[in-house]
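Worksheet for the structure shown next.
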Amino acid sequence: MGFQFSFVVSVAFDRIFMTVDIKERAHLSPSSLQKLKFSTSICFSFRIGKVSISDCRTTLISYMKLGSSTEEKDMDSQHKIKWTLYISLASMFIFVSVTEVGPFSSMKRLYSSYETDTHHKYVIVFDGGSTGTRIHVFTFVNNSSSGRLALENEYFEEVKPGLSNYANKPQNAANSVLHLLDKAKAVVPPNSWVETPVALRATAGLRLLPSALSESILDAISKAFQSSPFLTDEESVAVLDGEDEGLYAWYTLNFLLGKLNEASHSALSLDLGGGSTQVTFTPVELDTFIRSPKEYIVLRRIQNKTMPVYTHSYLGLGLMSARLAMLHLSSDNSGSLKKDETKFKSSCIHPHVKHSWKHDMKEYIIKGRKDEKYGFKECYDKAVQFLGDNVDKPEEFRRREIYALSYYFDRSRDLGIIDQETGRITVGDFMKACKRECSEKKVKEPFLCLDCSYISALLHHGLGLHERKEIQLAKRIDGIETSWGLGAAFNMLR
């Protein structure tokens, strides 16, 4: 896992920052604040190779001195001194921070890390998700003249259930992985097995398990890897940190889009898994840096440039975790039928539905409630109640290009609303389609109303996206899965 560094890295700086934020900004007119935002954006852009730190500081100070109104010109010297000190400290701490290297080295360094006389290189990445285990076998072609690797293709396959379902049978978890590893042997030529790295990273499903149970599963898989012909080490099997999961998915997305070089042009990734959801992008607006929790913004070395990246993983807000929570909230009659079975009568389930659902080693009996109204509004309100105000929503979200991955795509496809040519929808399109689904007399799928109500609430209430906001849905780009697997593969090549 890469090193993480907060944008604000000292108590002294934090105190000055808070003083400026609360008191000193009150002395600036709206036009001066706009100048400050603009110049600070220029300041932050030095991280991607455009502006030097000295130019950054000079620009900020000069903007602070400029002003068309008497109010700006008469700002007393004490305020100017505090702003100048704030700017100087910010520049100094940014300078110190950017010397650190995050989880991604530059692509040039990554690509040149192998000898150039071998034509193909392979990397095997296992995604141990909460609902299934996926294998990605990436094939890279080596350019012997430049020493750089180019991604050629990906082999992908999935098995269900997820690893967490084998909590009491860790060897069965290992067997499910070995089944997929046998598939990799058919993709990777035998003479390349010994130099092909393999790694498994488990996500929210194992994060939510007690540590003793998750460790037993990881140990069984590690032993299975060690007996395989592929390249392994002591770090080949581990639980993936939620923030790195978001970073890897963001990296995969923007690599495939060709948008890694410019922070302001890169896409924001929303990744909705079964147990957690991640939000990742490269912020360029001052308000994002000021108002976001400081641990959400880290510095990463990408494409020979150090970039600030906003990333956060919300454990427990994945679709399956949310589904279970909303069943609890929307049912007034839940109780244990037997040891591993629970019954719910939910206003988010069609009144005529009776369904069995297996999740995390338990079987749930789900029924609709006939004693009250079933529909989008009732279920949406439960989703809002579940989310509360626990999701950060920077204003910058609304102005960035957004790609929604994983269950965002799957449930939009189930609703039949994905434009086949563009893949774009609006938040409002999704909500309207969900309302229609929840009002249907014939049920396509027992959880579709509940799931789309939750996604609607997550986008609109949780992330604060307007109904007119466009979202790009993506399952694959140029035949490559838009998952965190490719980002992890690049990190393994480092």
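Yeah, the Cβs are placed from backbone N, Cα and C, and that goes for glycine too.
Quick caveat, the model's predicted, so the values are computed rather than measured.
As written in TrEMBL, here are the features:
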- Glu245: active site, proton acceptor (ACT_SITE)
- Gly274, Gly275, Ser276, Thr277, Gln278: ATP binding site (BINDING)
Next item on the list: Around the Cβ of Gln278 (ATP binding site), how many other Cβ atoms lie within 10 Å? Please give the count over every shown protein chain.
Entry: 29
Margin query: Within 10 Å of its Cβ, which one of these binding-site residues (Ser276, Thr277) has the largest number of other Cβ atoms?
Written below: Thr277
Item checked: Cβ-centroid neighbourhood (8 Å) of the ATP site, Gly274, Gly275, Ser276, Thr277, Gln278 excluded -> Ser130, Thr203, Ala204, Gly242, Glu245, Asp271, Leu272, Gly273, Ser313, Tyr314, Leu315, Leu317, Gly318, Leu319, Ser321
Note to self: Distance check, please: Cα of Ser276 (ATP binding site) against Cα of the residue listed as 'active site, proton acceptor', rounded to an integer number of angstrom.
What the structure shows: 10
Check: Roughly how many Å separate the Cα of Thr277 (ATP binding site) from that of the residue listed as 'active site, proton acceptor', to the nearest whole number?
Finding: 9
Next item on the list: Give the sequence-ordered list of residues that share a chain with Gly274 (ATP binding site), lie 6 or more positions from it, and have CB atoms under 8 Å from its CB.
Entry: Gly129, Ser130, Thr131, Gly162, Ala204, Gly205, Gly318, Leu319, Met320, Ser321, Tyr407
Check: Expressed to the nearest Å, what is the distance separating Gly275 (ATP binding site) and the residue listed as 'active site, proton acceptor' at their Cα atoms?
Finding: 12
Next item on the list: Between the Cα atoms of Gln278 (ATP binding site) and the residue listed as 'active site, proton acceptor', find the distance and write it as a whole number of Å.
Entry: 8
